[in-house]
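Copied over from TrEMBL, here are the features:
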type: REGION; residues: 1-137; note: region 'Disordered'
type: COMPBIAS; residues: 54-66; note: compositional bias 'Basic and acidic residues'
type: COMPBIAS; residues: 67-81; note: compositional bias 'Pro residues'
type: COMPBIAS; residues: 107-116; note: compositional bias 'Pro residues'
type: COMPBIAS; residues: 124-133; note: compositional bias 'Basic and acidic residues'
type: DOMAIN; residues: 136-231; note: domain 'Fibronectin type-III'
type: DOMAIN; residues: 332-427; note: domain 'Fibronectin type-III'
type: DOMAIN; residues: 445-529; note: domain 'Ig-like'
Amino acid sequence: QTWKTDLWSGAGTPKQSGDPGAKTPNHPLPQPPGFAAMTGKTAPPATEPSPAAPKKEPAPTPKEEPAPAPAAEEPPAPEHPPAAEQPTAPADKSASVPTAEATPTPEEGPPAPPAEPQTSAPEPKPEKSKEEPPSCPLSLAVEEVSENSVTLTWKAPEQTGQSGLDGYVVEICKDGSTEWTAVNKEPFLSTRYTIQDLSSGEKIHVRVKAVSASGAGVPATLEQPVLIREILQLPRIRMPRHLRQTYVRHVGDAVNMMIPFQGKPQPKVIWTKGDQPLDTSRVNIRNTDKDTIFYIREAQRSDSGKYELAVQINGAEDKATLDIRVIEPPSPPQNLKLVDVWGFNVALEWTPPVDNGNSEIKGYLVQKSDKKSGKWFTALERCTRTSCTISDLIIGNTYSFRVFAENACGLSEKAAVTSGVAHIKKTKTAYQPEKIPQRDMMEPPKFTQPLTDRTTTRGYSTHLFCCVRGFPQPKIIWMKNQMEIREDPKYIAMIEQGVCSLEIRKPSPFDGGIYTCKAVNPLGEASVDCKLDVKGKM
């Protein structure tokens, strides 16, 4: 039976080699002499044994064990535990700690210092992560190349950090070299940059870094080197649509036109008018590398005409013509005359104006004024002929007339006025009444429309009608059953324009009978009758 001693815990477990079921005594094992003096500690109480401890292989010697962690992590044991309260160490724990084959005796000399228990060392706390630099700029591309410069564009990086971007740094490296040189001294925030003062014909590599407070990020680099040389482009004038037709302005207006063009290297711009250079006292020209500006402060009629624009590059040329017309109101018409006056009408005639204002005459405006009011009223608008007829004049009035000429700029400032006036005379007519032969109009009464039989309903008013003529106007007498109807409120008799009517208000069956209308005048009499039947309500 081999006694294995746990030097750290101070508890021994008797275990027979090859006997996994050996029990551990409940009393503490004796500690080697000098143990407390060497370690300065008191062995902790042993733990309860496992009910079924698996068989363990012999533990390696202390020399083969790696350096254990300090024992300060173990809880201290009581200095004098009672014998009944000291359980033995479990078999699995004894197999995991270094053990000795035999317990040293006091005669063998001072024992070796106990091996530290093998526990995992505390992991160091991770340092606070620093802010990461910005990511790589996106879509780095060459926008334009000239004989001594190159223009780059890119997009902002996806990640800029919490503090944001301070800007970008552009670096170049000549082809065949490994030395990168910053072009800009200070970071800038624009995503477009032009590298100046480059030598024509050389190749350069370009990269762009995003910079923030945490440092510079990964640079974006062009895949291919850039060859610094001018890219030739034929000249071409891009005439705006509204300038492709005649450009019309009024006298005194400003003329300001910008005409873009393209071409590389920068083309030469030449303006002429009638194959002659422009008058710089009247026209101002300003050219850039992409357009030309034509400016006249106050346009005059003399500025009208066709201007030629030529853009040239090394023998290549593109031309365009600009037609400018400066207009003003026309002069008044000439030789306005009153040709004829008859009845309520006047005929006028004139000739076109001497000056049309550099624009086609669209028509004429004719006005009239009567002597009584002195006000001018428009008689005709946009008259396209040089003659007209004014009608519907008032008899007895005296009229004057004037004519304006009209073009695209408007009416002429002055008008042509007739030298004479037109007087609409009153025609003298004598009224001669027509002689009508006397005719005898006397006529005895005669009914042109007789009475008609009627059937009505009790309680509903009804009317009887007939028509009579005669001269002098006959007297009308209404009768019922040969009895004259006098002032009875039940009956209302009327005659108008020879139409006789009798209203019977709310008749009853007793109102039925024979009704007679009799007309009497000095020349005779006439009568008509009808039957009225009144029925009771259903």
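Yeah, the Cβs are placed from backbone N, Cα and C, and that goes for glycine too.
Residue counts for the domain 'Fibronectin type-III' (332-427) under DSSP, split into helix (H, G, I), strand (E, B) and coil, are 0 helix, 52 strand, 44 coil.
Taken residue by residue, the domain 'Ig-like' (445-529) breaks down under DSSP into 3 helix, 54 strand, 28 coil.
The residues of the domain 'Fibronectin type-III' (136-231), classed with DSSP into helix (H, G, I), strand (E, B) and coil, number 0 helix, 47 strand, 49 coil. Across the residues of the domain 'Fibronectin type-III' (136-231), the predicted structure has a mean pLDDT of 88.
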